[in-house]
Amino acid sequence: MARAGAPRSPGPEPPRRRGRQRYVEKDGRCNVQQGNVREPGRYLTDLFTTLADLQWRLSLLFFVLAYALTWLFFGAIWWLVAYGRGDLEHLGDAAWTPCVNNLNGFVAAFLFSIETETTIGYGHRVITDQCPEGIALLLLQAILGSMVNAFMVGCMFVKISQPNKRAATLVFSSHAVVSLRDGRLCLMFRVGDLRSSHIVEASIRAKLIRSRQTLEGEFIPLHQTDLSVGFDTGDDRLFLVSPLVISHEIDAASPFWEASRRALERDDFEIVVILEGMVEATGMTCQARSSYLVDEVLWGHRFTSVLTLEDGFYEVDYASFHQTFEVPTPSCSARELAEAAARLDAHLYWSVPSRLDEKVEEEGAGEGAGGGAGADKEQNGCLPPPESESKV
């Protein structure tokens with residue numbers, strides 16, 4: 001039997017009782033695929049974003065093809081210009097002025113196209129002033145080549161600078177826990193940042209993903225419900241310098257208000273947590289996600305502390321980041337706990353003045369009739385009896 005209060009190592013996850021499919025994976029990937037898209041042309045209307053979203057191998061392939069096909073296209077046009085003017089038939093004629101000097105075939109035209117678009121200019125092949133169509137083609141290739149460079153370099157820059165990898169150093173606890181905080185049941189999970197450069201203006205959100213049926217019989221799969229993590233009080237805005245425990249208080253507005261420990265274990269839901277903020281080094285917005293299934297919510301546990309005070313600084317022990325330990329926690333729902341606390345408060349409110357009244361009555365029993373005049377007055381916060389009872 002595990003000792004109460006001992007840290008709980010994450011260890012292997014318990015086998016799932018249900019074959020529930022995750023909506024969001026633990027690493028933040030959304031487990032949704034778009035199928036039967038009737039209008040794939042919509043992706044081409046935003047070609048820049050489409051290219052930035054491609055996998056790296058496809059992006060590199062498109063990058064190489066964009067330049068290679070452009071060079072081949074203009075190389076073929078330069079060759080056609082030389083062929084149409086008859087330059088290829090007067091290669092050894094010194095009296096003939098070609099459109100491009102030393103262009104003697106398709107390979108030479110292809111190399112001249114590369115030199116023109118990349119502005120290399122080796123000096124061996126050069127356009128002459130006796131070829132107006134060549135001059136127009138040179139201007140066209142220079143303009144289109146600059147556009148291709150700007151487009152492709154922009155795509156590669158955006159892809160390289162995407163903050164997706166920054167989310168890999170934002171960690172979430174492997175489990176969520178339910179325990180008491182200030183006498184109230186709370187659902188909690190922990191977040192941390194492994195880097196020294198911080199996330200600026202970080203904020204946290206939580207969503208409950210659970211299917212539901214409306215009163216009219218409509219079935220809504222994967223219905224999303226907000227879980228309050230301090231939006232009203234500002235606690236959802238984080239100063240994420242050290243790991244923080246994010247708390248959702250289970251109150252009357254919470255979807256877990258009537259969920260006891262046994263009911264929670266039988267339920268089927270997924271909690272998606274989303275951490276957003278700006279990367280301090282680049283100023284770009286970053287988002288990290290994770291999720292918790294029913295089996296990953298531990299009732300009656302609390303997170304192990306990871307922060308210690310050293311000589312002149314605080315140290316975070318990430319070896320204990322995922323560890324929890326058991327704490328005494330009632331198994332009833334938050335609603336039942338609140339009702340029990342209300343009954344206890346009411347009992348204390350009425351019982352204490354009653355005892356004081358009994359003491360006052362004992363002290364005033366020997367005062368005779370003079371004590372009856374004050375019998376109708378309120379005594380220690382208790383109201384006098386109704387007139388009907390006093391007449392009896």
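Glycine residues also receive a Cβ, built from the backbone N, Cα and C atoms like all the rest.
The region 'Disordered' feature in TrEMBL is assigned to 1-22 (among others).
Here TrEMBL flags 24-163 as domain 'Potassium channel inwardly rectifying transmembrane'.
Per TrEMBL, transmembrane segment is recorded for 60-81 (among others).
TrEMBL lists 135-158 (among others) with the feature transmembrane segment. Remote same-chain residues near the transmembrane segment (135-158) are listed as 48, 51-52, 59, 63, 66-67, 70, 74, 77-78, 81, 113, 116-118, 127, 129 (criterion: CB distance under 8 Å, separation of at least six residues from the stretch ends).
According to TrEMBL, the feature domain 'Inward rectifier potassium channel C-terminal' maps to 170-340. Across the domain 'Inward rectifier potassium channel C-terminal' (170-340), the model assigns an average pLDDT of 92.
What TrEMBL lists as region 'Disordered' is 359-392 (among others).
Residues or ranges marked as compositional bias 'Pro residues' in TrEMBL: 383-392.
In the domain 'Potassium channel inwardly rectifying transmembrane' (24-163), the DSSP tally of helix, strand and coil residues is 85 helix, 4 strand, 51 coil.
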